[in-house]
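J.: What Swiss-Prot records for 105 is active site, proton acceptor, and it gives sequence analysis as the kind of evidence. What Swiss-Prot records for 297 is active site, nucleophile. Annotation comment: Swiss-Prot describes 105, 106, 107, 108, 109, 177, 248 as substrate binding site. Here Swiss-Prot flags 335, 337, 340, 366 as Zn(2+) binding site, drawing on sequence analysis. According to Swiss-Prot, the feature region 'RNA binding' maps to 278-284, 302-306, an assignment based on sequence analysis.
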């Protein structure tokens, strides 16, 4: 079954969602997202390449291991090298030499995270990061912030965010939104949500003036308030977005997140793809796939790799432990990633102890290959109605 979406009365040929199978056991589903740069099988994991690259890897390696969708951050690309330079290079795909699909965010997440700290920071009472406080003013027009690179003032609006994402030329783009802190009064949260909806509408209007063979996902907000989540779904599903991302705070625990997703996902159109923003650790994926999430993005597998944590079917292992100094087996038997195909645990352990940069590349390519294979396993289990 194919679902294709219209923009201003025009038939879209460049972005389609194809439903392959819906599980008889849960809301889990297998699908395909068709984009100008290829197909994304769902459910799937999205690697985060903040500055146009996944840390420690080049983009040809992502292609070789079959990682179908990559997430790049508009905020960072705006400040360095500048989206105009990327546009002159022919867009992100040409600039970073990636042939497969790319999704970019609006820049709002990074701006507000630097201002308030991440939800994780707040829950752990860390407060804002040392670059925090860079947001100077939030108005109806947008957000005025100070660049962490050179201290210059930058005004980010729905229109300028979309202009930047047009310069980047990703397959899927995100409207400008506000990310309020976790601990916020309901009145303030409602005010933030209303402004986010206005910003998302302005973003959509700017996008539709020049679709440029890009799809735009709305971002559902509302924090941990069920009524506001419902309101956000009701407002955004009335607009001609091509898909829906679930964003904002999802609670303190995985149980709270599960409850919010169980409420939110049935309110989204079944004929359009959805995405869970910034959540892609293994337990969260395991609990969210049965709810019908199509794609997940997270820096967890790559960040863990750089700290010596390798993902395996038996659970994560810490390669820096001395027990691996004389283990000449591969990371995981049967794994076909470059690290497992060529090198032993002992060698990778040695590289970490010697602080050789190669250790991060080998650990990262293994963890991402693990994620690719994990999502393939989930798709197979859904098609067999086991999930």
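Using the three backbone atoms N, Cα and C, a Cβ is placed for every residue, glycine included.
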J.: Write out how many residues of the region 'RNA binding' (302-306) are helix, how many strand and how many coil, based on DSSP.
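T.: Helix (H, G, I), strand (E, B), coil: 5 helix, 0 strand, 0 coil.
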J.: Sort out the residues at least 6 away from either end of the region 'RNA binding' (278-284), same chain, that have Cβ-Cβ distances under 8 Å to it, and list them.
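T.: Non-local partners: 45-46, 109, 247, 250, 254, 257, 296-298, 300-301, 311, 371, 374.
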J.: Restricting to the chain of residue 108 (substrate binding site) and a gap of 6 or more, list residues whose Cβ falls under 8 Å of its Cβ, or answer none.
T.: 143, 156, 161, 176, 177, 178, 179
J.: Whole number in angstrom, please: the longest C-alpha to C-alpha distance across 105, 106, 107, 108, 109, 177, 248 for substrate.
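T.: Answer in Å: the longest Cα-Cα distance is 14.
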J.: Return the single residue from the recorded positions list (105, 177, 297) that has the minimum number of other CB atoms within 10 Å.
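T.: Looking at the recorded positions 105, 177, 297, the Cβ with the fewest others within 10 Å is that of 297.
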J.: Enumerate same-chain residues with a sequence separation of six or more from residue 106 (substrate binding site) and a Cβ-Cβ distance below 8 A; give 'none' if the list is empty.
T.: 74, 161, 165, 173, 174, 175, 176, 177, 203
J.: From the DSSP assignment alone, can you count helix, strand and coil residues within the region 'RNA binding' (278-284)?
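T.: Output for the region 'RNA binding' (278-284) reads 3 helix, 0 strand, 4 coil.
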